[in-house]
Every structure is written in C-alpha cells, then in structure tokens.
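Listed in TrEMBL for this protein:
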- B:ASP59, B:THR96, B:HIS146, B:TYR150, B:SER220, B:SER221: FMN binding site (BINDING)
- B:31-388: domain 'Luciferase-like' (DOMAIN)
2 protein chains.
Amino acid sequence: MSTAPRQLNLNLFIYPNGHHEAAWRHPLAAHQRVLDVSFYQELAQQAEAAKFDAVFFADGLGIGDGVRYASRFHLEPITLINALAAATQKIGFIATASTTFYDPYTLARLLAFTDHLSHGRVGWNIVTSSLKRAAQNYGLAEHPSHAARYARAHEFVEAIGRLWDSWEDGAFINDPASGLFADTDRIHPAQFSGEHLSVAGALNVPRSPQGRPVYVQAGSSEAGRDFAAQYAEAIFTAHQTLESAQAFYRDVKERATQRGRNPAHVKILPGLSPFIGSTEAEAKALQREFDELIQPDFSLLQLKNQLGLDVDLRGHDLDAPFPLHLIPDNPDQAEHSRFQLVLDIVKREQPTLRQLLQKLAGARGHFVLAGTPEQIADHIQTWFEQGAADGINVMPPWLPGGFEVFTREVVPILRQRGLFREEYSGSTLRDHFGLPRPESQFAPALAQAQAA
Amino acid sequence: MSTAPRQLNLNLFIYPNGHHEAAWRHPLAAHQRVLDVSFYQELAQQAEAAKFDAVFFADGLGIGDGVRYASRFHLEPITLINALAAATQKIGFIATASTTFYDPYTLARLLAFTDHLSHGRVGWNIVTSSLKRAAQNYGLAEHPSHAARYARAHEFVEAIGRLWDSWEDGAFINDPASGLFADTDRIHPAQFSGEHLSVAGALNVPRSPQGRPVYVQAGSSEAGRDFAAQYAEAIFTAHQTLESAQAFYRDVKERATQRGRNPAHVKILPGLSPFIGSTEAEAKALQREFDELIQPDFSLLQLKNQLGLDVDLRGHDLDAPFPLHLIPDNPDQAEHSRFQLVLDIVKREQPTLRQLLQKLAGARGHFVLAGTPEQIADHIQTWFEQGAADGINVMPPWLPGGFEVFTREVVPILRQRGLFREEYSGSTLRDHFGLPRPESQFAPALAQAQAA
C-alpha cells in the first residue's frame, strides 16, 4: 500500500469555444480560433504547465441539429490529439471513438500509433454513439438499439484488446546483426469471432508504450455503468448534487469490486464548469453575461434531444413552469443519458422553462459553479473527500480565459491543501492516473495463470 | 497561361528504415528510431528545408509475411502526418487510406480535420488494398475481387467528395453578433446511395482549406489507370525503363484528357531510389553493401507475393536462372501490380534468382540508380524533359542519410539547372503541385453550370 496522500486527478475537457452553449458569442471567447490548431496546442500546453492529467475531446458522428445557432460541432479527436501531443511532452490525451461505427482493426491501429507517437499518453473514451443520424452516415437503415450497441461494444473491446495484446512486449526484436526483426512466436492472431464483428490477424505494429490506451467511459445508463465497471479505468460523469455523485461513485466502485477489479483503478471524475470571480457576486454576474447570450431556439432543440421528446418545444412560454406533462412516462432512458438528471432538476427546483434552459446551458447538465477560487476549491475538496470523486473533469465555460483563470487561481489553492501534484511523477497517462500497465493476455506467464 | 518554366515536383516517400529491404540491418540506418516520432519529424523538416512538395506514407492493413526478417511494416499514416504537420509549416503530407476498409464518413472527417489542422497540406493516396489478409481483419469471409474493390472505390470517391463539398465555402459564418454560426442553407446532405455504400448526411465540419485533399493514386492495372485518369491529381508509379515510363505518362495523360480533364493537373511521379557516391564506383559499392545484407527467405516471400505465386520459392537454387516456368500463364494481374514489371525484367535481363532478388530489393521494383549526384540529376532531368515524369517520388534506400545526401548533393544541381524551386510560392499542397482548389459541387454557380 502506498502511504502518499491520495491526490486529485484533473482533466481538461475541451469544447471548441468552451462548454457554455453561448460561449462563442461572448467577447472573452476566441471564437475566430475555433478551427486553428495553435489554439488547442496552447490550451494543451497550459494544461501541461498546470500538471493536469489529460485533455479530453468528445465526438459525434453527424452534424448537430443546432449547428445554425451555435458552435456545437465536434473536432475530430484522433487527428487533433496527435497534433497536440506533438506540441507537448507529458500530458495525456483522451480521444472519443465509437464502437458502433469504427472497425476494431482501424481503431486499434490509430490509437496504438497515437500511443507510440505520444510515448504513451493516450486514453480512449469508449462510446456507442447515441446520435441517431450517425447510422445514416454509415449506410445503416436504422440506428442500432441501445442493447445492440452495447452488445457490439462488449465484442469490440474484447477484440481490440486482443489486437493491442497481439504483440507480446518482447516480440519486437529489431536486431540488425541477427536479422531478426520480430519474434513471430510472440505475435498472436487475435482470432476473435463474435456475433457483431470478427478479427483474424495480429496487429501490424509492436505493442505500444502503455500496452493499450487507458480505457475511459462516460455512460450513465444501467448498461453503461456495468460496462464501465467491467472495463473503464477512468469515468466521466455528470451530477447536480453531492448525493447523486456519491451514489454513483459507490455504485460503480462496488460493481468493479464485484468483478474482481481493484476499485482504485477506476478513477471517477465528475464534471465541473466553473465561473470564477474575485467575489461570488462578480462570478455570478459573469455567468449572467453568458446566460443572456443564449439563443432559446437552440437551447430548446438541445433539451428536446436530451429528453428524447418528439414534440417541438419552441413556442412554449419560456417564463411559465416547465411543461412536465410533455415528458413521456417511460422513454428509452438509455438513449438519453441526461433524462433522469433533467427530470430530477425539474422535480427538485420546479423551474420555468427559461430557468431550466439556463441551468443546462452552462454545461449540458454538468455541475456549474459560480464563485471565488476558494469556493471552487472547496467544492472540489468536498467531492474528493466525501466519496463523490477521484478527480474533476474541468469544463471551462469559455476558452481560453475560463481555463487560464482556473489554473492561475484554483490550482494553487488545491496544491496548498495538498490535494494536487506539484510535478508529474511519470510520463505516461497511466502514470498520471496511477494505473498499472496491463500485461499482454498472450504473455506466457499470464496465459499460464489464466489456464490454471 | 503561365510563362514560368515548368518545375519538378519532388516527393519524399518514407519507408520506416528506408526503401532497401535490408536497410534496417545497415549501420547507416537509424533502426533504433523506427518507432520514434522525432525521427520522422526531423525527416519532414529536412524535406521542408529542401522545399519538397510532400512527404508520403504507404500503408497496409495486416501484418506482413516477412515481419520476422525485415522491418516491412507500415506506420499508420493519418496519425503520423498530424504529428509531422505540427512540426512543420509548409510541406504537404500524403496519407494512404483504403476505400475497401474505411467508411467514407470516418475517412472524410479524419482527412478534413487533417487539412484544417495542417492549414491545407494534405493529400490522400487512394488504394483499394490488395493484401488478402486485410479482409479477415475486417470480418469478411474473403477478400473482395479486384473488380468489386474498384467498383466500391468509385462509389467511395463520389461519396467522400460529396461529404467534403457538403459545406459550401461560405457556409461557415461564425458571427457572434447575429448568433449565426452556420448558414444551413449552404450545408448540403451528401445523399449518396450506391451498391457498395451509402451516406446520408452532411459532414460535421466546415469545408477545409484545400476544399478537399489532393487525390493521389498509384494503381498500374488497367482499372487503376482508368481510376487515376478520372480522379488522381498526382500519381506514383514504378518503371524500370524510360520507355516504360514514357508510355505510362502518355497513356494516363491521354485518358485524363479524354475525360475532359486538364492533363497538367495530373502530376506523374515515378519512383527513384538513389545510392549516391562521389564516384559511380563508390555509389555502386555502397549499394552492394546493402544488397549483401539481404535475407533471401524474406526476398523470396516478397517476390512470391508480388507475382501472386502459390508455390514457395525457398529451396530453389539462387544462382540458377530464374524459374520462369513457375509463373502462371494468366494470373489475375490486377491483384499483383508489379507482375508485369517483374516479368519484363526477367525477359529483358534473364537474371538468376539472386540477381532478380537484388534488383527488387532496392525499392520493390522502382528504379534504383547508383551514381554521382550529377548522374542522379541527369536521370531526373531526362525523365522530366522527355515525357516520362512531372516530378520524382524520391525513395531513399536508407534513412536518414540516404535522404540527407540527396538534399545536399542533388537538389542544388536541380536548382542550378532551373528545374526545381528555390522557395515555396504558396502554403498548401495544392499550391506546391500547381493544382486548382476545387469549388464545392453544391456551390450555386457550379450547380447552375452543371444543370445547364
């Protein structure tokens, strides 16, 4: 057992202009740099200077309904993190990629190479893609059901794990004198054959520095939690209350334990979108500036999607109570992972439609906090120490300033309180997260142990 | 019409240790850096300092038969070029990607983003993947036929072109004041539905700096030439004689003209692998050093694959004449694009098996020339001026020195002769190649003209 005090993990979650849905309209946001690689390289360098664990990018495989109103589009994560890794030395990068719409051989190569090129700094956020129009972009007549997507996801993770393990660590010989480049006795075909996919061969690249990328997950449905408990080494999650986060934390750690995993190797990082001011009033005033830039037509479209509604919410009185009767009794909640969260807000706070939209505008259901640096640090410390979080998924409301102020004002307080590292102790993402490097499942010792 | 003298295009084709199959065994090659991104970044920077047009990476979607003997493995091109683009400013990058095993939506996003992140420096080498075991890595019972692969390739290029055009250039508004992020009237669904694939939606990223990546092709079969004449803006090709290269050049330019294309917008770049010495004898001695490191078991395996043979060539007397009777009368030549080239060598030079292996060891059938810098420059000038080439695909026998000596000794001679640029005149790969930036097929002017 380590005797070092438990330390926070901090992840920077980058949305192009920041997480507030109106960020791109505020003069503080660098909206004109939204497609400029140097903008993201500077943010990654800033996160590295602050000793963050990783930078994370979400993804979506189709154009969003609200593209007219707001910059809710997704940067392609894999190309981007390679451009950012080339401009940094230590910080990790987590790319979202879909088990429904990638082939395992393609993704295995892309991420194995990213791990090589970055010297072991890659994580994979495993998603099954809830966006219905994605299926049509991939030639499918209809979007696979939640159950079918998760069934394929299980096969996918199994298959891609075999690919990443297919070269044992010692298989890459590269000895000019003997002329032996690879020890083919230590390269193993994946030989995975499932109902949804199959993969025959070995990968065509030596095992990567981390063995395989860090597995990250963000599903909150029942199936998503179970999947996370089985595979995830880090989990992003959204909670509006400490109690909800605590219950999630307990539940997932228990599920992992029941599966024979070390719960310490499942890092749970709730999201936090902080508006920071030198007084609480100043912070709240700043938040109001952003909220006033919201375009209700976009917000209503987003809410409709989050709740899986069939009706158009536009035209409803924004200042009347939220029209609870519109919410279906029993939606396929799995398809809409924010459904329960939004419903809880409505029941707890009884907001008007406008109030609900503003509540969600900050970070799509993630916790938004406007306060002083001390108040932000207090929140993080409370969640960290009271069984709700191993770290925080930092979601700046706008960029770059909304992140810069966090690193300048909040991170030093976390350090003074002994909660966050002064310096990296390793150089891979596994090192930062305190995760073990997995051995290849084909390695003789492991294969023997498993056979016994 | 431009009155500037016609200029060479120079492309650096990087194989991990260099193109000679035994390069990795020679002390001049940096075999220990074969998986180190900084090695390739330095090469790209060197190519950029020499004002090369582009750096190119081949690819393969399965482990090679000869991985035991030699470093014939492929670096994943898309992740790699993003890491290299981040370390350079002007030079282009050409990534190989398969129309058989990618989905168009995935590849469209990967390459569109690479074009954004590199500020317009990307080319796509379009391949249909001849490697039979690739199919098994993608869950197919058998490898699609050559004809089926090309049928899908045509659909793929059509579909991905629609995706890259789906945002007109003016669709990305990004205006915070009005709150209009995108003009959805100028974003068009791809609406491609073919026999092999279909894609519904628009891409979820604004049109990239080059409109679309430069289309590159390297097929030499009948179907490959036709495909190239229809789509390719740059072509890589292998020839052992000036006459063969001239015939290919004439043929492809004619096919392009017949399709209504400007043949000047189809750049033809034959491969050249140069061993350079201060005397011809010194260059030839250097080549011999590499040839002596060949491992015949690997070379025979590679030859078997190049010829599509079913028999194992190992055990044949290396110093007897090449066993011509083993070559099938009528192989599916399209599956083996080097078949005719090897057959021509055998008929022309009547080599022993060992001599043939050495002939092919340098660059798998591409032209290998050992000589002084002047001799190398003479060769390039001759092919350039006598209707065999618009430029050269430079294939260093080993790396990094085999490229460094080319830039130091040969490039200045080409400049003295007025054949190659002193400085870049533009900043995109289209600029370097002198290719026009295509207008979106959905742009009103173009759509109108096509309807008329």
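Just so it is clear, glycine is given a Cβ too, placed from its N, Cα and C backbone atoms.
Automatic prediction, not curation, is the source of TrEMBL annotations.
Sequence features annotated in TrEMBL and their locations in the structure.
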residue: B:ASP59; record: FMN binding site; DSSP class: coil
residue: B:THR96; record: FMN binding site; DSSP class: strand
residue: B:HIS146; record: FMN binding site; DSSP class: helix
residue: B:SER220; record: FMN binding site; DSSP class: coil
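In this model, the domain 'Luciferase-like' (B:31-388) carries an average pLDDT of 93.
Of all the binding-site residues listed here (B:THR96, B:SER220, B:SER221), the one with the fewest other CB atoms within 10 A of its own CB is B:SER221.
Remark: B:TYR150 (FMN binding site) has B:THR128, B:ALA223, B:GLY224, B:PHE227 as non-local neighbours, by Cβ distance under 8 Å and separation of at least 6 in sequence. Taken over all pairs of the listed FMN-binding residues (B:ASP59, B:THR96, B:HIS146, B:TYR150, B:SER220, B:SER221), the Cα spread reaches a maximum of 19 Å, rounded to the nearest whole number. Counted within 10 Å of its Cβ, the other Cβ atoms near B:ASP59 (FMN binding site) come to 20, all protein chains included. The number of other CB atoms found within 10 A of the CB of B:HIS146 (FMN binding site), across every protein chain shown, is 20.
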